[in-house]
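Take a look at the structure below.
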Amino acid sequence: MLLPIYLYGHPVLRKVAEDITPDYPKLKELIANMTESMYHSDGIGLAAPQIGLPIRVLVIDADPLKEDYPECAGFKRVMINAHIEERGEDLCTEYEGCLSLPAIHEKVERPTSIRIRYVDEDFQPHEEVLHGFAARVVQHEYDHIDGKLFIDHISPIRKQLIKGKLQNIIKGKVRTSYRVVTAPTGKRR
């Protein structure tokens with residue numbers, strides 16, 4: 001089932017998400033719906049807060065980026081209760097976009113490597129060290145479960161320059177190819 005994407009300005013995007021337990025209701029169905037919604041929206045990642053749930057669930061498929069970023073080849077994950085344990089010292093700046101911030105793309109500086117621990121959809125524990133764009137994608141989605149957005153990492157001047165676009169998103173004056181929920185009333189369209 002396709003789920004609507006919650007847009008910038010909705011309070012759920014600013015909540016720190018909670019860990020879940022293996023008995024979370026209909027978890028497999030939720031993961032399948034999140035994955036379907038991510039693909040339908042042409043995304044490479046989706047976090048549960050982006051569909052209105054303040055829980056620590058991420059779905060990622062960065063494989064479409066493999067031609068430009070070989071480290072993304074086959075990089076498909078479900079990450080539950082993820083926690084970044086360590087961030088590398090080397091930084092890299094790349095453009096990022098977000099389904100919750102349609103039509104906004106900004107340069108974001110992030111560590112080029114991370115160490116993350118999480119459980120998968122079967123609640124099997126994992127710990128991985130990720131590098132390059134795969135690390136960037138995970139950090140971007142991880143921000144969502146910590147109540148952050150990629151625009152929180154840009155300069156005040158850049159934020160000022162996109163202020164009008166952000167206001168339009170809040171007002172629902174934005175076109176998308178996917179269903180959305182806008183702020184502050186949670187109106188669906």
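Cβ atoms are placed via backbone N, Cα and C, with glycine included.
Of all Cβ atoms in the shown protein chains, 27 besides its own fall within 10 Å of the Cβ of His144 (Fe cation binding site). Annotation comment: Swiss-Prot describes Cys98, His140, His144 as Fe cation binding site.
The annotation active site is assigned in Swiss-Prot to Glu141. A simple way to gauge crowding: the CB of Glu141 (active site) has 25 other CB atoms within 10 angstroms, across all the protein chains here. Glu141 (active site) falls within a helix when secondary structure is assigned with DSSP.
The two recorded residues, Cys98 (Fe cation binding site) and Glu141 (active site), show a Cα separation of 9 Å. Under a cutoff of 8 A between CB atoms, and with a sequence separation of 6+ in the same chain, the neighbours of His140 (Fe cation binding site) are Gly45, Glu96, Cys98, Val108, Arg110, Phe150.
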